[in-house]
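The structure under discussion appears below in the form of structure tokens.
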Amino acid sequence: MAYADLKNCKIITAFITPFHEDGSINFEAIPDLIEHLLAHHTDGILLAGTTAESPTLTHDEELELFAAVQKVVKGRVPLIAGVGTNETRDSIEFVKEVDEFGGFAAGLAIVPYYNKPSQEGMYQHFKAIADASNLPIIIYNIPGRVVVEMTPETMLRLAEHPNIIGVKECTSLANMAYLIEHRPEEFLIYTGEDGDAFHAMNLGADGVISVASHTNGDEMFEMLDAIEHNDIKKAAAIQRKFIPKVNALFSYPSPAPVKAVLNYLGFAAGPTRLPLVPAPEEDAKRIIKVVVDGDYQATKETVKGVLRPDY
């Protein structure tokens, strides 16, 4: 059922966590943010991922966040819960808790960070999580954050597990092409790189788990819709204008830029939690001009070339 729920999700938004100035979660801001996303082509929502600043959230806070979002969404789109840590036992305990909590199509588990496990260690980590829970698991492969990279061969070994249903892939397009070519049936492949969505979808990926969909969901939808209708020329034209906006959204450690834009648009995204800090005021103004207005003079002042940042 989880595969069927997610198969038609082209744009899954990696939801921010709105905070008050004192650092507490701003639950009152969640309804407006969710309705904004759903009005602008979000097909699914990931909670407690990187963009949510999950390393700064306690498990209790994550469960409170889950309850608040479920109350607003009311089953209109599938939800994915961030469940993974760099400690296998903790990941198993939390994925069981989230499974019992209910209301999620899948759990997203990150490749363990800091520990620097081998490929066999990664395999055993995800196998243990998937064995322990009924909640389907999506692997999150993001070497820029965790230092180690799961190889396509290890990924395909794990793809044979009946409870591992997909991957959020943030490596190379070459790796993505290999995975798409060799994946088993009913294994979902999402890019986690907004700037790669055009290429990934043309290669045959299932969708994108996105930060930019908070602010530019309509553009992303138009691009993916053009690809689906084989209008590559139109999709490429949208992509060329979209890339500078993505670059601006990642010109400071995420989610600081997207929160700056959302705050400007009138959504109470609030600040980031330490150790992340907001983008400096003048840079935030330029980011807003790029993302909201497509101001390419601001683009030149904000980012140089195509960014592939580690954040």
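Cβ atoms here come from the backbone N, Cα and C positions, even for glycine.
Taken from Swiss-Prot, the feature active site, proton donor/acceptor applies to Tyr140, supported by sequence analysis. Residues or ranges marked as active site, schiff-base intermediate with substrate in Swiss-Prot (evidence: sequence analysis): Lys168. Annotation comment: Swiss-Prot describes Thr51, Ile209 as pyruvate binding site, evidence class sequence analysis. Taken from Swiss-Prot, the feature site 'Part of a proton relay during catalysis' covers Thr50, Tyr114, and the record attributes it to sequence analysis.
Around the residue listed as 'active site, proton donor/acceptor', the C-beta neighbours below 8 angstroms that are at least 6 residues distant in the chain are Gly49, Gly84, Leu108, Ala109, Ile110, Val111, Val167, Lys168, Cys170, Gly192. Checking each of the recorded positions (Thr50, Thr51, Ile209) against Tyr114 (site 'Part of a proton relay during catalysis'), the C-alpha distance stays within 10 Å for none of them. Note: Ile209 (pyruvate binding site) has non-local neighbours Ile12, Thr13, Ala14, Leu46, Gly49, Lys168, Tyr190, Thr191, Gly192, i.e. same-chain residues 6+ apart with C-beta under 8 A of its own C-beta. By neighbour count, meaning other C-beta atoms within 10 Å, the densest spot among the recorded positions Thr50, Thr51, Tyr114, Lys168 is Lys168.
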